[in-house]
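Take a look at the structure set out below.
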Amino acid sequence: MAPSIRLSPAARSLFDEPLAIAVQGLGPRQQVTLRTSLRDETGELFQASAHYQAGDDGELDLARCPALPGGSFSGLEPMGLLWALQPQKPFWRLVKRDVQSPFLLQLEVFEGHEDRPGRLLAQAQHERAFLRDGVRRVPVREGRIRATLFLPPGDGPFPGIIDLYGTGGGLPEYRACLLANHGFAVLALAYYSYEDLPKGMKEFHLEYFEEAVNYMLHHTQVKGPGIGLLGHSKGGDLCVSMASFLKGIIATALINGSVANVGAVLHYKDITIPPLGINPKRIKVGKSGIADIIDALNSPLEGPDQQSFIPLEKAECCFLFIVGQDDHNWKSEFFAVEGSKRLQAHGKEKPEIVCYPGAGHYIEPPFFPMCAASMHLLFGKPVMWGGEPKAHCEAQIDAWKQIQAFFRKHLTGEPSGTSSKL
């Protein structure tokens, strides 16, 4: 019997779902190298490989066979060939631009454990999709709002969430649509560097975000009486500002967010919150040319920078802080702890804080490969994001469950059913 790759699900799976990988028809205890390849929409190549040895029966099941040293990872890692994918181009991050098309994953089995691939024994293709069948993708251009709404299959109404990304700008949709696959109505909201929105990050007006909140609150497919907010990085502190000043927000989840306003002046009616100060002299640049910016921001607890601390004690919602303890973009754990202190000092409920040792800044949905360093739009050079690949991957899987449980609990009243890490 010729060697063949067996996948489950066979041809297509959702990107945040596990994929079972096995090889059958090998010789007893045969040594092979498995390689995965994926090209993003710009054509850039990501690859991972691992060394394995088949069992006495010629079967190789990644759920039972540990990878041997010498490849992209070692040990028992059933999803290692996906989370260990690395770009061939330096400082390149895997993102999904068009969620309506899948990523195409190539799997190959080569003879031996040599650095150069041996004879090709078997190959297979698999689609990693972002939209579950029946999920509706609705472009939103109402008033000033530039967004995409994802609605789950069925009649609804559904618990509603607004999803904000960070300083990359544009309109990333992949997290919002993956969340919609799990039963939420999710609005991926652009706020700069998209269509007719402001090109740069000089100032933001909260009235724009208020339009988006009201759009969701009045949508017939969105279950009331309030909505949730999910923000990563700069999107996180915007969510804190929205929760602090706007009505109708019940639950706010931050992924490595800040409780101080960062990077741009924030206006709302007659209120102005200045951005936290930055001291470029505290940026460290290593021999590799990669900058470590973790100490660049001033503390929001001292001097005039206290004005940048967002008054989150005004918020009428519950908070969840997801923290990568190896985040090198900024001090996410410090921000979470200070936010918690501020809330409790004002008699508010203590927020949930879930900390992940070994996780970096870009905590994405499950099975996105960790990005250790990439170009930072504001600094104009590659910066390190932190993280250790295996720990980071495990954090992404758990954080995804925590985020969904948090929103289910607060937006639908369902018990969460997950235990907090902290």
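The first residue you see is number 1, and the count goes up from there.
Cβ atoms are placed via backbone N, Cα and C, with glycine included.
These features come from TrEMBL:
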- 205-412: domain 'BAAT/Acyl-CoA thioester hydrolase C-terminal' (DOMAIN)
- SER233: active site, charge relay system (ACT_SITE)
- ASP327: active site, charge relay system (ACT_SITE)
- HIS361: active site, charge relay system (ACT_SITE)
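SER233 (active site, charge relay system): 27 other CB atoms within 10 A of its CB, across all protein chains.
In this structure, the CA atom of ASP327 (active site, charge relay system) is 4 Å away from the CA atom of HIS361 (active site, charge relay system). Counting only the Cα atoms, the space from SER233 (active site, charge relay system) to HIS361 (active site, charge relay system) is about 8 angstrom. Around the Cβ of HIS361 (active site, charge relay system), 26 further Cβ atoms fall within 10 Å across all displayed protein chains.
Cβ neighbour count for ASP327 (active site, charge relay system) (all protein chains, 10 Å cutoff from its Cβ): 25.
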